[in-house]
Amino acid sequence: ESLHSCIGLLGISAGSLLLAVHFYSSPRAAPLIPSTALGVLLLILSALLAYAGIRRSPRNGSLLPSLCLTISVFWCGYGVTFILAGHGALGDAGDLRDAVVPGLATFTLALLLIAVVGLLCREPLLAVVSAATSLASAHDVATRHSSALGSSAVACNYLVVCLVGGYFALGRILYFLTKGKTALPGTDLAKGKAREQSQAMGGTTNPFAATGLILNMLSAGVFGCRFLGITSKLFMGQVPWLWAAGIYQIGICILSYRAMDVLMATAFGFTSILKFAGGYCLLSPAWQQEEPSLPTPFLGVFSILFAVLALFLALQSPLDGLYLLVYVASCIALACHPRGFFGGGPQGVAVAIFGASALVTLIHLYNGKASAKIPTGKGAVKVLLARSSSLKLREGSDLHAPYLGYSKYGDAEVLAFACSVLASFALTSTGDPQAPLATVVIPWVVVAGGILKLLGGSVAFARGKTLESSAFILYAVMWIIWGLTRYGGLSGTTRSFHAAVGIVAFLLFNGFIVFCTLFLNITWFFYSLTFMLVALSFFLDAIHALPAGYDMAATLIFGLVSFYCFLSALSSSTFEGPCLPMGGPIVQLGGVGAAKTKCLHLPARKASSVKRIADILRSGGTCGIPTDTVYVLVAACNRPDAVEKAHRSKRQAQDRPMSLWISSLKQLEPAKHLFTPLLWDFMEAAWPSPISLVVPRGEWVDFLGMKDSAKYVGTPQSVAIRIPDCSVTTHLIDLVGPIVVTSANPTGEADTTHHNQVYAKLGDKVDAVLCDGPSPENIASTVVDCTKIDSGNIGFFRVGIIPKSQVLQILEQVQKK
């Protein structure tokens, strides 16, 4: 944490120093730092700040991640503008002013909001950094509008940022080097107190929402400044702000999925599309004289998607739901105005978006840091829904946990299906085939149908949904290629054969996906089948054999099916129980997974899951659990029937008997007199660790209550016993008592290193799986022969993660003692 803080603060100090030097020398004919070089350096520092803002955990409640990400996007857009100015792409000083003022004005207010929250929440140094950067931006705006004002004030403010940021970074470096013993005044981020506040907020809080709202302010500021007359025109010099906001917005979308905030992540994905479309429109004069036209039906559909999302988001947070309604108004204004982004109506709505974003940003920043929250109406919605017996909100930090129990991301299917709707309805626009770029279609198809769908496929893959992720990624590639080829002016008269061959390959791949969805559910089958109709229309168009109206009908059918999938995924992520069912599989597989009731998959990070696993073991069940090495299959020793069941399900070989695990030597205390002193001391010194000790079998085994099933544990002469170095496992054994353990795989197969593999290898033969993702180690434990330890000799049946030398060193220390 301290190291990432140092990186962020040093980056802010370095960038501020560069800008201070630039503005101090700007009145000269030749500035000390050329514009191009300054722009490149700012881009490098913006990437460094983005890394620091993402890597530093925002859960401790500090404003530093928000500050780093905000200044990162500020310097990204600013840097690109400096590069354009250095290459003469912005023309005179008026163009440069119109290019930079929207971004400067936006970040003046955004950084001021962060400074206010920093002062209210007792982070004075961060407040000073934010306020000084805000003042520097304000002075920069004033300087560009009035030549009478010098740039020295801008340089002085950036110098203050450099000095305060350097002091803060020095404090964090000292804190890091001294391991928390030394901290300069004002640089202590009060981790413990902030973490307690964060836990009190609940697991559904999205710490990156404020940064996403600031990005909405930035894009709205570009068009709002033109409406208010602050800038004289809209042109390509403002594209860096819009596209920087769009790129960072996609990043915030991913981070929101990491925060398990599916609805806000979907909202940020939607708004990123508008940012790319706005930038595309401002670039259009580079290839055509006329202003581009926007497809009205598409924007109508987009407004419906925004409205539906706002409705569901209002159930989670009424404030955020009301906020999204301004985007519904924006889409309607764009659809009604023939000039699109260049019209006064959409620009007026942009001013409303700017003001609403600023207000909601302030609330999110304050609620993310302060102990006393500004009410957002969430409690009122809970009270209303509590009276309903049919609707119940999904809540808790694991509300988006997948069936297999472990994922770092929320479910992105809502965004992926919505992007399918947008891309399909974008294709219904009728443009001039001779001037395909005159109609704005590429952003809707390439960004929505391509980039964001790729994002949805990647997140689905991270959640273990292999088939769904394959479909999303395949369709995303198809939308990108066809969108650029058909609506980017890349298709020529010789495209027929080459395009047709590529589309046939896509049809074959999609045919395989359609076949696989027969075993998934009915909705996914129709989703993939209707996309086959769309791909077929692409093929017919490529060979110039497209029937009149077929492409329109195919895309409309696919869009309607995608809209149902969007509603179903949205309701499933919001309410307990599917309000709009996806349906069952058309063809039922036999074997693993065919049973109506599958074994439970419970996340290991929840104490309630460990308690439930313990209840299953006490009731005579068998479970797969994580350990300090690989996953294992366990049963309670005091349930002989469960021990025998574990032996049968594992198909245990005689030369690989099951072992015994305990959580503490106190569980063997009643039989301590049956162990030799040296063996007892060696066990005490070696555990907890991934070291299994094979000890002589004796009467002590009878204390464990295995009765006749004891024959399945160990050999007639010895038993392997261990205390694992895993808090989850030892806590489970504390609840259940000693357990019988064997590897969670059929005899002769490789060790199981992920909870998905437990079910894949053992199927319904286990009653539950405690899921903790990938194993910390892929190597099994070291098995030591202690049957002759009293003679001073030990052997090794298997050398695993612990080397021989370390085991022998432990034995030597015990013998000396």
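Each residue's number is its place along the chain shown, starting with 1.
Glycine residues also receive a Cβ, built from the backbone N, Cα and C atoms like all the rest.
The transmembrane segment annotation in TrEMBL covers 7-25, 99-120, 148-170, 208-229, 241-260, 294-315, 322-342, 348-366, 437-455, 467-485, 497-520, 552-570 (among others). Per TrEMBL, domain 'YrdC-like' is recorded for 607-802.
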Same-chain residues near the transmembrane segment (497-520), Cβ under 8 Å, at least 6 residues beyond its ends: 467-468, 470-471, 474, 478, 481-482, 485, 491, 527-529, 531-532, 535-536, 538-539, 542-543, 585-589
Segment proximity, the transmembrane segment (148-170) to the transmembrane segment (437-455), 3 or more C-beta pairs under 8 Å: no
Long-range Cβ neighbours of the transmembrane segment (294-315) (under 8 Å; 6 or more residues past either end): 263-264, 266-267, 270, 273, 277, 321-322, 324-325, 327-328, 331-332, 334-335, 340, 381, 385, 393, 418, 421-422, 425-426, 428-429, 439-441, 444, 559, 566-567, 570-571, 574
Within-chain partners of the transmembrane segment (348-366) [C-beta distance under 8 Å, separation at least 6 from its ends]: 63, 66, 106, 109-110, 113-114, 116-117, 120-121, 209-210, 213-214, 216-217, 219-224, 227-228, 319-320, 323, 326-327, 329-330, 333, 373-374, 376
Distant-in-sequence neighbours of the transmembrane segment (148-170), which means Cβ under 8 A and at least six residues beyond its ends: 5-6, 9-10, 12-14, 16-17, 19-24, 26-27, 125-126, 128-129, 132-133, 135-136, 139-140, 142, 184, 186-187
Cβ contacts under 8 Å made by the transmembrane segment (467-485) with residues that lie 6+ beyond its boundaries: 413, 416, 420, 423, 441-442, 445-446, 449-451, 453-454, 456-461, 491, 495, 499, 502-503, 506, 509-510, 513, 516-517, 520, 524, 527-528, 531, 535, 538
Within-chain partners of the transmembrane segment (208-229) [C-beta distance under 8 Å, separation at least 6 from its ends]: 53, 58, 65-66, 69-70, 73, 77, 101-103, 105-107, 109-110, 238, 241-242, 244-246, 248-249, 252-253, 255-256, 259, 261, 264, 268, 271, 274-275, 278, 320, 341, 344, 346-348, 350-351, 353-354, 357-358, 360-361, 364-365, 368
Contact set, same chain, for the transmembrane segment (7-25): CB under 8 Å, 6 or more residues outside the stretch: 31-33, 38, 41-42, 45-46, 48-49, 51-53, 56, 64-65, 67-68, 71, 75, 129, 133, 136, 140, 151-152, 154-156, 158-159, 161-163, 165-166, 168-169, 172
Same-chain residues near the transmembrane segment (99-120), Cβ under 8 Å, at least 6 residues beyond its ends: 63, 66-67, 70-71, 74, 77-78, 81, 84-85, 90, 126-128, 130-131, 133-134, 137-138, 140-141, 144-145, 214, 217-218, 221-222, 224-225, 230-231, 235, 237-238, 240-241, 354, 358, 361-362, 365-366, 369-370
